[in-house]
Amino acid sequence: VGFKAGVKDYKLTYYTPEYEVKDTDILAAFRVTPQPGVPPEEAGAAVAAESSTGTWTTVWTDGLTSLDRYKGRCYNIEPVAGEESQFIAYVAYPLDLFEEGSVTNMFTSIVGNVFGFKALRALRLEDLRIPNAYIKTFQGPPHGIQVERDKLNKYGRPLLGCTIKPKLGLSAKNYGRAVYECLRGGLDFTKDDENVNSQPFMRWRDRFLFCAEAIYKSQAETGEIKGHYLNATAGTCEEMMKRAVFARELGVPIVMHDYLTGGFTANTTLAHYCRDNGLLLHIHRAMHAVIDRQKNHGMHFRVLAKALRMSGGDHIHAGTVVGKLEGEREITLGFVDLLRDDFIEKDRSRGIYFTQDWVSLPGVLPVASGGIHVWHMPALTEIFGDDSVLQFGGGTLGHPWGNAPGAVANRVALEACVKARNEGRDLAVEGNEIIREASKWSPELAAACEVWKEIKFEFEAMDTL
């Protein structure tokens, strides 16, 4: 067969509706919005080509390899209900296209180049199916849910956290004081804000020292294990590791990383260190909305969540369903289960396009944070269940009597909700009543109930843009 130069339609090579997907293929579901006049098969095939072996013209060197073995294939196209010019293109990628144990390489291939493609008006990666064979090349979360509970000796309830505010401007000593008060009042964790790294007003080493002091003092006084998410995110991987090593030397239980701004390579490096050295790893998703907020373009958060479980993290922020940050309930619960469970069935009503088996990767605790307070506690306990971290920043520090009473109020509200649930009461129906009853014997909770009695963050869903 002679080499035939020139441009030919992608669909001749990359649209293969007869293809039987293999157990080892990575499968992707893309929401494609083609330019007017571009047929769906051509657009779907273009996505498969540009994210695997294709380029814009036939090249002589195609003859030196086996395209059949290495090409991505668009194997199915389905229209999106209620959208005229949109459809879901399913693409299968042979496993050999990807480096083992590298989320970075997986994303560079699948979403690296194709999103700027001229034939498409918009493109969104809705979901990925990661095959068992590929998952087994990743360490995943440093410890996972069960090991974390055993380390902390805390069972049968969600864990409570609090982000220290104001996030920027406190000195290290005042910051440590706020940490101590929250932990002393009854929280399990406090947290560095995602943009607290090492700024002129508070260098990282000073903060680490004062926070460690706060942890040990509050542990001694409460008899409970406490933690503070020390943010190790830095400008270079070496500096990040230096901070993680210092945290380990202080003997604290947990560090933190901003995995999207820090990058997957840095994150996976840190996750490996955390497992080797017994540190838990809390993950913040700063920058996620840049990628996942638009309905037609970018990447859905469930893909970023799957990537994090592969790269490694023990906690990750996952929206609230009830607070100030958006999240539709079923969709949010879909990716919360993707983070926690070993096996998740395909369920389009929850946005899950593929059945996903996590083999033996540990689970990640979802963190609910953002505009939540004591009145939300019954809903949060009901929606997220025991395996979660409920994080109240303003909902702790905004208490009229101060940080420690704010922490007390949250802990009392949580214990009341868990107790009521265990007695068989319906939190969705009786939630407000349960909180009111508990506030009768907790003045701290009563004061919190009074401050936030009618606050609701209710706006139309943003996904309609």
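Using the three backbone atoms N, Cα and C, a Cβ is placed for every residue, glycine included.
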Which of HIS315, HIS317 belongs with ASN113, THR163, LYS167, ARG285, SER369 in the substrate site listed by Swiss-Prot: HIS317
For HIS317 (substrate binding site), the three-state class that DSSP assigns: strand
Nearest of the recorded positions (LYS4, ASP193, GLU194, HIS284) to THR163 (substrate binding site) - Cα to Cα: ASP193
8 Å Cβ shell about LYS191, ASP193, GLU194 centroid, Mg(2+) site members excluded: THR163, ILE164, LYS167, ASP192, ASN195, VAL196, TYR229, ASN231, MET256, HIS284
Listed recorded positions among LYS4, GLU194, HIS284 whose Cα sits within 10 Å of LYS167 (substrate binding site): GLU194
Whole-number Å value for how far HIS284 (active site, proton acceptor) lies from HIS317 (substrate binding site) (Cα to Cα): 6
